[in-house]
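Features reported for this protein in Swiss-Prot:
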| type | residues | note |
| --- | --- | --- |
| BINDING | Gln87, Gly105, Glu106, Gly107, Lys108, Thr109, Asp512 | ATP binding site |
| COMPBIAS | 855-865 | compositional bias 'Polar residues' |
| REGION | 855-898 | region 'Disordered' |
| COMPBIAS | 866-876 | compositional bias 'Basic and acidic residues' |
| BINDING | Cys880, Cys882, Cys891, His892 | Zn(2+) binding site |
| COMPBIAS | 886-898 | compositional bias 'Basic residues' |
Amino acid sequence: MLRTIVTKIFGSRNDRILRRLNKQVRIINKLEAEFELLTDEELKSKTTEFRTRLKNGEKLENLIPEAFATVREASKRILGMRPFDVQLIGGMVLNNRCIAEMRTGEGKTLTATLPCYLNALTGKGVHVVTVNDYLARRDAETNRPLFEFLGMTVGINVPGLSPEEKRAAYAADITYATNSELGFDYLRDNLAHSAQDRFQKHLHYALVDEVDSILIDEARTPLIISGPAEDSSELYMAMDKLIPILIQQDKEDTEEYQGDGDFTLDLKNKQAHLTERGQEKIEQWLMEKGFINENESLYSPARISLLHHIYAALRAHKLFERDVDYIVKNGEIVIVDEHTGRTMAGRRWSDGLHQAIEAKEGVQIQGENQTVASITYQNYFRLYEKLAGMTGTADTEAFEFQQIYGLETIVIPTNKPMIRDDRTDIMFENEKYKFDAIIEDIKDCVARNQPVLVGTISIEKSELLSNALSKAGIKHNVLNAKFHAQEAEIIANAGYPSAVTIATNMAGRGTDIVLGGNWKAEVAKLDNPTEEQIEAIKAAWQIRHETVKQAGGLHIIGTERHESRRIDNQLRGRSGRQGDPGSSRFYLSLDDALMRIYLTEGKLNFMRKMFTEKGEGMESKMLAKVIAQAQAKVEAHNFDGRKNLLEFDDVANDQRHAIYEQRNTLLDNEDIAETIQVIRQDVFNHVIDEYVPPHSLEEQWDIPALETRLKQDFALDLPLSKWLEEDNTFNEDVLRERVLAVAISEYKRKEELVGQEAMRNFEKGVMLQTLDELWKEHLSAMDHLRRGIHLRGYAQKDPKQEYKKESFQMFTDMLDTLKLSVITTLSRVQIRTQDEVEKAEQARQKIAERENAAMQYQNNEGTSSLHEKSEHKIGRNESCPCGSGKKYKHCHGSKAKY
């Protein structure tokens, strides 16, 4: 109450920020007349002037009025569009490390040119981030003439580019790119084996379009570069046959309740849980099929991988639906984004789920992969010095943007008042009655020439409604993941009089629906259109446009509420753009997923009793309150999940940052000899400590074991026992000095043979290869730790603290292993002179001749062994004459026949 009174008097923080920015807008507007008098050349020269002023120490913020005035004037001349005052405000918000909420149709693409131009003046590069390559290309090509007029270069970074094209894209002043390609390039850069193979030089300023989709909806999706792992496709097929014999029960067993099923489902988290009866049934089945021995537990350490496959199969069958969560296309499982309804080609679920779904659908099971490098969008975009974003729906997630990314959300007012009629939700007893009412509403709109956009939450629902409309004889278009290729054309026609379009949640987002249809799309279809043709198309469009406006504009129908209010607002936001008329209404039923999952059985039963007549709809404030509570529950649950993920990933992120920083230092340095020397000293001290404890008595020393270790791991054959006997002054410090001196001397001898440059390159190669291999293994170990860490809670321990503690220990162990492996490899490598190489080649040829003779003898005599031996027989345990340093039986002797 008090807050409301104070806000009325002083205004909200959003209002105060807008008032402050309006002062800047007035300054920019005053410059307009002056800039209109500039010639094209004078306007272009402003870019050089601004860059010079920045180099001379002027702050970027001081350039805002003139830079924005420059872009506005250039936009008028090149694009034929003048940015509105609210777009100038949006541009300033985006420059201030904030999120600008701008309604659909308010010109976000043009608004973005203002902060992009300003920040590109620094020469550090600007990345404009979009959700797909179509939007990246479209926005880049739309704004390219403007930026190039002002002397800025524009690049496009999308999947499928050659290294040269990608390098050119990143070298541009302003780069349009997809979020996934930026993230994968970052990971690929940190797997590169030379500095020249890296693409991303500097992460300076990122402007994220549809920021809620990327930083909220995609936050829990890690970007992963993976390599092949062990094939277990047969196991997935076997476990797939187990699922049909299992019985589901409604809720988990408790002291008060004991069900008779084998498993329960957690629909909120998409997880399955086995009951004790289920475990016993599965163990019996596994024994019968020979997967486990009698009396062996499913939870024994040796069989834990079986449990992994069982849970994957259970989730695949019971929690993931075809044409809802995925589609089958060309014999492959393609994931459908639950938020956008778009297919995500190339994406795969982890934890064996994708393989389990492949087994379920009877398509080829592709091998599991081992993670080589990974990062979440949350942590990738926090790497930028300056981050901003824009979307039509951010205010509902403002708290999360502030908490996770430190980004404040500013709601930008519309250029014209929004007059859309958002009608009260209407509830039905079941889905059939709801669909009947939707079809009646659509019939009414079609009769009045009003276009309709119907939003569904899945492909399955869109096809159900499509069938119902077809039966009713209503012409319509369907836009979902199955008809993705026709997206642009369907959206272009969605504003025609009486047009009916069914779309999954946000499929087609990023493209406005123009009342009367998109006349520009019609013109684009023509080859070399004449002025007369263009004018005729415009005139026809104007008639259609007025017809649709008179009918009430675009009518939005939501077939059910989404888990998130933001997704509902995105659907509504399709209508009422730039002051156009429009309307919206959501049709709900008690069968809807949101109701079933998030409302108690008691509430559902109470609501069922409120329906007294068949097929009647119900509108009430209480209903709106119930839905709002359900959505608030889901949003809080999802926020907690993303926050929890970030807290765990931050641990890995600190380690990732340390490793990648070290790796980039290695790539940038031509000479790492000093680093190797420091590591060598550390490794030898550590090894000697194992056998000669610091400050210990001579009797505690294990010299024979140390001699063996030095010979095996470092190829150093040192008479330590003899040194100890002959030298009375021989102590721990002398031992360390002598061992290290011999190691360095031996290493320098090798260096003299091959030359400094070759040795430096070899050192760098060994260091990088070892680091990459150990980091890959570490990621796998961290993943296993993460999966099981929640069990520590049963021991009254904080899983997060335990994860931090154990992962840190694993990280330090990995670094110790890295040092040891690098020095071991460098110490054991054998350097051969040209003379030795020639001798080895002669020995190899002799072996080849003997092998050929053996083959010839076998062919001629039909016997399995050759009795005559030529000259000297090489012993199986002797060194191979090829010079590899391996025993003959493990090298060329493995091929020779005796």
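Using N, Cα and C of the backbone, Cβ positions are placed for all residues, glycine too.
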What other residues of the same chain, not counting Gln87, Gly105, Glu106, Gly107, Lys108, Thr109, Asp512, have a CB atom within 8 A of the CB centroid of the ATP site?
-> Met102, Thr104, Leu110, Thr111
If you count the C-beta atoms lying within 10 Å of each candidate's C-beta, which of the binding-site residues Gly105, Gly107 ends up with the smallest number?
-> Gly107
Check each residue in the chain of Glu106 (ATP binding site) that is at least six apart in sequence and keep those whose C-beta is under 8 Å from its C-beta; list them in sequence order.
-> Val86, Gln87, Gly90, Ile412, Thr414, Asn415, Arg577, Gln578
Ranked by the number of other Cβ atoms within 10 Å of their own Cβ, which of the binding-site residues Gln87, Lys108, Thr109, Asp512 ranks first?
-> Gln87
Express in Å, rounded to the nearest integer, the largest CA to CA distance found among the ATP-binding residues Gln87, Gly105, Glu106, Gly107, Lys108, Thr109, Asp512 named in the record.
-> 17
Specify the secondary structure state of Gly105 (ATP binding site) as given by DSSP, simplified to three classes.
-> coil
